[in-house]
Every structure is written in structure tokens, then in C-alpha cells.
Amino acid sequence: MPTKRSVGTLGDKDLSGKRVLLRADLNVPLDDGQRIADDNRIRASVPTIKFLMGKGARVVLASHLGRPKGVTPKYSLKPLVPRLSELLGVDVRYRNVTHGYFLLNLKPWLILCFLDLFMCFKKVVMANDCIGEEVEKLATALPDGGVLLLENVRFYKEEEKNDPEFAKKLASVADLYVNDAFGTAHRAHASTEGVTKYLRPAVAGFLMQKELDYLVGAVANPKTPFAAIVGGSKVSTKIGVIESLLSKVDILILGGGMIYTFYKAQGHAVGKSLVEEDKLELANSLIEKAKSKGVSLLLPTDIVVADNFAADAESKIVPASAIPDGWMGLDIGPDSIKKFSETLDTTKTVIWNGPMGVFEFEKFAAGTDAIAKKLADITAKGVTTIIGGGDSVAAVEKAGLASKMSHISTGGGASLELLEGKTLPGVLSLDNA
């Protein structure tokens, strides 16, 4: 995939007074449709927004939220405005304090009045729609450094259909385009791909660029030994990733529900563990492919089994090759954790996609937690660690170790497709560097 031009290459002349359509990924979970449960995606978008504001651009911010069928109030972006305003205003607040020495001699209550005044100028304006006359007026009225948040682009079915007329209307309020929504880059939608036919320059935001640097750059030219850890419930959802990684990695560690298909393919007893019967031949072919490419493929040696799929199920540790009838594997065992950890100590680059077990149940989270802790440990020693989206990110965040990794991907499907070697429409449509 060609290297893409980044927003950082745009200077004051390119941006001052210009209206920038910024596609961000603000698809955050909301409790009861109102309170933000996790603001990580908003935080991840802030550096690009602040950069554009600092250059005097007028930022027209577009995003989706959830999977609405037409206009659906619970999927409105309105609840995001207070938190987004707060995150964008923090540096403004401090910058004005530190540069305004005269404030130091004022009484505390008067200082707060000044701070509130500065914050008012940085409030995010919310539109009731994402296209139309109201949006045009609000975009025209934006001051330099101002931010206008458009309503959910998926309120229109034309967004996901990449309708040219809808894309043209979105683009009509801007002079140039920045895509910082890596999580939707694998979709050719109007706001991610269609608008680039009407706006130039069209460049990558800082988050998009970081994702590409790690998921393309680090994987294409890794420091070796390079290991991949692939987990998850089904082989069928990770076939493309495994096949692609087998041509790149030195070590492939498998875990999660998919391993029982591999065990059965090798003739081992799997009890009532999850097995994809139609993928047994595929599992054997992947093992053979690893051997032919000289890749060290590691499967767990012991398993934590349960008598049923429940958080309080009876459990015990058994050899991976002999899971008893009536029992199912829900996590990797301590011997597997030890061996995987020792292997990871030898690596220089690691990418992880998919948990080792049913980490949502505390009783069966030990394997996933151990891998997260080991990756945090080796990151501190200089190993590049990439958490490739989806449940792996949730597991690392649950363990409180997200900040200890080299990179946490914000894209689930986009990360997978990039690791599979696929091209992403939302990236291909941007200007080449």
C-alpha cells in the first residue's frame, strides 16, 4: 500500500481560515443513550482536531455512531458534545493561563471567570443534521479554530451506499478533507471514500497515520524474531489473518476457541469444546503450511476445562490432547502460559489479535491476562508490541495495561483486513505522500 500524505504536512497557508471536513471515529458506547461509557475513541481523535484548530482551520467534524436505521435519537452524537468540548478546551485553558502573566496577580475567582470565558470560545457547535441548509450556515459562520460537529452520518442510508450525491453534499461545506477514522477505513462509505472525489487535498489524520505506521510499517519491516498471537473463538474468522501472517512471522502462537478445531484435526479428544467440523482439513493445512515456511507454530499444551459455559462452572486443568467427555476448554493452562511467556521473551516484535480464552469470565481470564502482562513486560524492555483491535484491546484495557503497549489499534475489522493483506478503501482514496 502506498505511503499516504499526513495532516502534519499541511501548513498554516493550507489551513488558516479553511474549512476542513474531518472524518473521525467517535463511535463510543453510551449508557442509556446518554452517558459515555468509554471515551477512548474521542481521546484518540483529539490530537488531529487540536492540530487543525491550532492552525486556524475551521473544523467540520463527521462521524457515525452505532447502526441506526434512519434517524434514531439514541444514536445521536449530541451526548458527545460536552466531553469533546472539555477535551479540546483543556490545553486552551492552560495555554492562556501560562501565557497571561497578568492573571497571576488576580484573585482566584476572577481567574476562573477568565478561564470560563476562554472555554466558551472553544465550545463545540452541534448541528441537527449532517447535510443541508442549516449545516451550510453553521459551517460558514465557524470562526478560525472553531469546531462544528455534524449529526450521525448513518442517519442517511446513502452513507453506507457511498451515494455520490450524498458524498457531494457532505463535501460541499469544506475546502479539504482529513480522514482520521481508521476503524471505518475498510468501508467504502460516502464520508470515508466518496467525499475524496470532491475534496483535495485528502490526507490522513495523526491517528490514521499511526495505525498505518504500525500495522503496515512494523509488520512489513519488523524487528525479528517477529511473533503473532492469534486467538478468538473460530478459525473461520481468522483464516485470512493466519495465512497472511504465516508468510511474515517467525513464531505463531494460537489460543482461544479456535484451537479445539486444530486438536480435533490432529485426532485429539476435545470433549464438548467448540469445534468447526468443516474446518478440520483447513486446520491441518495451516499446520503444514507453517512447517513448510519454517514458522514455529505453538498450540497450548494444557487447558482449563469447564463442565459448562458459565462464570461459576466447575473447572480443572487437563492436557490439551486429552479433554474429557462432557467438558469444554475455556482457557489455556499454566504450562501453556509459561511456555508462551518464555517464547515471547525471545522476540523483538509482537502482534496480538484475539484472547486466549473466555476472558469475560474471571475464572477463565488467567491466560489472556498473563499474555497481556507479558507483553507489557517485554514492551518495557524495548520490544514493539501491537494490539490488533477487537477483543484483544478490551482484554488489555480490562487488565489496565493499555498504556504499557507500543500501539493499541482502534480498528477491529479494519485491523483484521489490513493484517490479511487487504487494501482499505478509506486509505487508498487519500493523497499519496
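For all residues, glycine too, the Cβ spot is worked out from N, Cα and C.
As recorded in TrEMBL:
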- Asp25, Leu26, Asn27, His64, Leu65, Gly66, Arg67: substrate binding site (BINDING)
- Arg41, Arg154, Arg187: (2R)-3-phosphoglycerate binding site (BINDING)
- Lys238, Glu360, Gly389, Gly390, Asp391, Ser392: ATP binding site (BINDING)
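TrEMBL feature annotations superimposed on the structure.
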residue	record	Cβ neighbours (10 Å)
Asp25	substrate binding site	26
Leu26	substrate binding site	24
Asn27	substrate binding site	20
His64	substrate binding site	27
Leu65	substrate binding site	25
Gly66	substrate binding site	15
Arg154	(2R)-3-phosphoglycerate binding site	25
Lys238	ATP binding site	23
Glu360	ATP binding site	14
Ser392	ATP binding site	31
Cβ-centroid neighbourhood (8 Å) of the (2R)-3-phosphoglycerate site, Arg41, Arg154, Arg187 excluded: Asp25, Asn27, Ser63, His64, Leu65, Ala181, Gly183, Thr184, His189
Binding-site residues near Gly66 (substrate binding site) (Cα-Cα within 10 Å), from Arg154, Arg187, Asp391: Arg154
Arg67 (substrate binding site) and Arg154 ((2R)-3-phosphoglycerate binding site), distance between Cα atoms, whole Å: 7
Beyond the site residues Asp25, Leu26, Asn27, His64, Leu65, Gly66, Arg67: chain residues whose C-beta lies within 8 Å of the centroid, for substrate: Val28, Ser63, Tyr75, Asn152, Arg154
Whole-number Å value for how far Arg41 ((2R)-3-phosphoglycerate binding site) lies from Gly390 (ATP binding site) (Cα to Cα): 13
Protein Cβ atoms within 10 Å of Asp391 (ATP binding site), excluding its own: 19
Separation of alpha carbons, Arg41 ((2R)-3-phosphoglycerate binding site) and Ser392 (ATP binding site) (Å): 16
Nonlocal residues around Arg67 (substrate binding site), in sequence order (Cβ under 8 Å, 6 or more apart): Tyr75, Arg154
